[in-house]
Every structure is written in C-alpha cells, then in structure tokens.
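Right, one structure below, let's go through it.
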Amino acid sequence: YEYPQYYLVNPAAYAALGAYMFLLILVGFPINFLTLYVTIEHKKLRTPLNYILLNLAVANLFMVFGGFTTTMFTSIRGYFVLGHLGCNLEGFFATLSGEIALWSLVVLAIERWVVVCKPISNFRFGENHAIMGLAFTWTMAMACAAPPLVGWSRYIPEGMQCSCGIDYYTRAEGFNNESFVVYMFTCHFMTPLTIVFFCYGRLLCAVKEAAAAQQESETTQRAEREVTRMVVIMVIAFLICWCPYAGVAWFIFTHQGSEFGPVFMTIPAFFAKSSSIYNPMIYICLNKQFRHCMITTLCCGKKA
C-alpha cells in the first residue's frame, strides 16, 4: 500500500496492465450499458429469461465501475495506492461480479432443464420465477463476497500488487482463511458447476430424444436449440475465463510457503476480468431478436 512495486517486475508490465484495464472499460461499459438500454426500450425483450441475462449486465457494470477503474489507476501507479479500504472495495466487487455470473448461469441451466426436459409437468418459467432467480443469485454472491469484509478471511493485494482478491496465500491468525477458502471452493465454485453440468447432461439427452421422437414442432425445437446453445456457450466462456484463476488460487492455497512469482497469479486474475465483456457479446451474436432490436436502437428507430 505504500510505494511502487517495480522491484517485482519491469515498470512496463504495470503500464501494460493499465492499458489492458482501459481497454476493458472502453469495451465493457458501452456493451453492457447497451444490453440494458436495448432490453428496457423494447418491450418484446422483457421476457423472464432475459431478466437473468440483464442481471449479468448489471453485475458486469459493477465490475467495470467498482473494479476496472480502480485497477487501472493502481496499475498506472505501480502499487495499490488506495489503501486497505480501496482493496476491500475492489476485491469485493470483483468477487461479487464473478459469483453473480456463476449463479446466474446456474439459474439459466435450471431454467433450460425445466423447460426442455419437463421434469415438472405444465411448468412455465414466468416473471415471478425470474425474480426469485435474481434474488437467489445476489444472495449467494453476497454470501461469498461479504464475509472477507467482516473478518472471515480478507482481501489483500495479489500478484503484482495492483489488484485485490481473497487471501489464499497466508494462514494469518484471526482470519480463518483456511475454512473460508474451503467453503468458497465447495459452496461457491464446485456446487454451482455440478448443478450446471447435471442440468446440461440431462438437457442433451432430452434434446436427442425429442429430435428422434419429433415430439415438438420443428420451429419450437429450433428456438429451444438456439437458446440452449447460447447458454451453453456462456458456460464454456465462464469456464475458460475463471478456471485458470480458480486453479491457480487452489494451487497456491495448498502450497502455502512455496515461492511464486508475481506474474503467476496476475495473468489468470486479469484474464478472469475479461468475463465482463463476453456474456453481452455472446448474447448479441447469438440472439437474433436482440440483435435486430439493437440495430434498430442504434439507427435511431429506423429499421436496418
């Protein structure tokens, strides 16, 4: 917190991180804001499923304003100049955003499973279910991001010391880091991923069976396949962005006392931050209705 950490790596590396964060802000803010604005402006986009996708956009904006701006500033300065309070805020927003994204994918996976596999007959995913899903994602995300603020573990500068995360590195007395990390990985990483994989495993079987039996009309099957493909790609993108960070964090936690270079944790941590731009990009690329509405909005109401 007190002086530039240029003894860790070349100062040019800090400048590169600052430029990278500026790029994420430059892309992340407009694309997530546009997702929100277009959905609010076009009534036909205000479907229960899209509530969850909007939730991802809101979480990403939290990350942009609460995390990216802070990290860009500290990268330029070469150390976490904002002190302990700033570290808590940056670590909190990064963790909160990542967890909201993960639990939103859980809700989307359950929705796809219920709608396509029909384990509950005559069930329709409605507005009330979507609102309950939103409340669930925020509750679970807060249950992961808030404890370090009140003494169960803590947020500390990591890697090149210009961004903050959970303390996987030490067994500092009074913080119970070990129990929190086990709780976090079990309840807030492995459990949601297990639910997602279960839902999509059942989903793939149901889609194959329906196609073979021709139980639905071709139009309905195609629409369900498009939505399912979009959500599956979101899950894959999440795994690509966050699994390296989670894997390195767990490795550091289980090898405390060993020496690690500052870049070892910095690269996966900053790579994970790119998750704030991939969900809206996937949504825009794979959802024809949203893409049409977005073009209409950008063309000031003129149909493209």
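For all residues, glycine too, the Cβ spot is worked out from N, Cα and C.
Per Swiss-Prot, the topological domain holding Arg124 carries the same name as the one holding Thr297, which places both on one side of the membrane.
A Cβ distance under 8 Å defines the sequence-distant neighbours of the topological domain 'Extracellular' (151-179), meaning residues of its chain 6+ beyond its ends; these are 1, 5, 8-9, 13-14, 17, 67, 71, 74-75, 77-80, 87-88, 90-92, 94-95, 249-250, 252-253, 256, 262-267, 269-270. Within the chain, the transmembrane segment (264-285) has long-range Cβ neighbours (under 8 A, six or more residues past its boundaries) at 17, 20-21, 24, 27-28, 31-32, 34-35, 53, 56-57, 60, 63-64, 67-68, 71, 94, 97-98, 101, 158-160, 163, 165, 230, 233-234, 237-238, 241-242, 244-245, 247-249, 252, 291, 294. When Cβ-Cβ distances below 8 Å are used as the criterion, the topological domain 'Extracellular' (252-263) is approached by residues 5, 8-9, 13, 159-161, 168-171, 181 of the same chain, each at least six residues removed from its ends. 88-110 is the stretch from 14-38, 88-110, 130-150 with the greatest number of Cβ pairs below 8 Å to the transmembrane segment (180-201). Remark: secondary structure over the topological domain 'Extracellular' (252-263) totals 5 helix, 0 strand, 7 coil, with classes taken from DSSP. Counting other C-beta atoms within 10 Å of each candidate's C-beta, the disulfide-bonded residues Cys87, Cys164 are led by Cys164. Calculated from their C-alpha atoms, the gap between Cys87 (disulfide bond) and Asn177 (N-linked glycosylation site) amounts to 17 Å.
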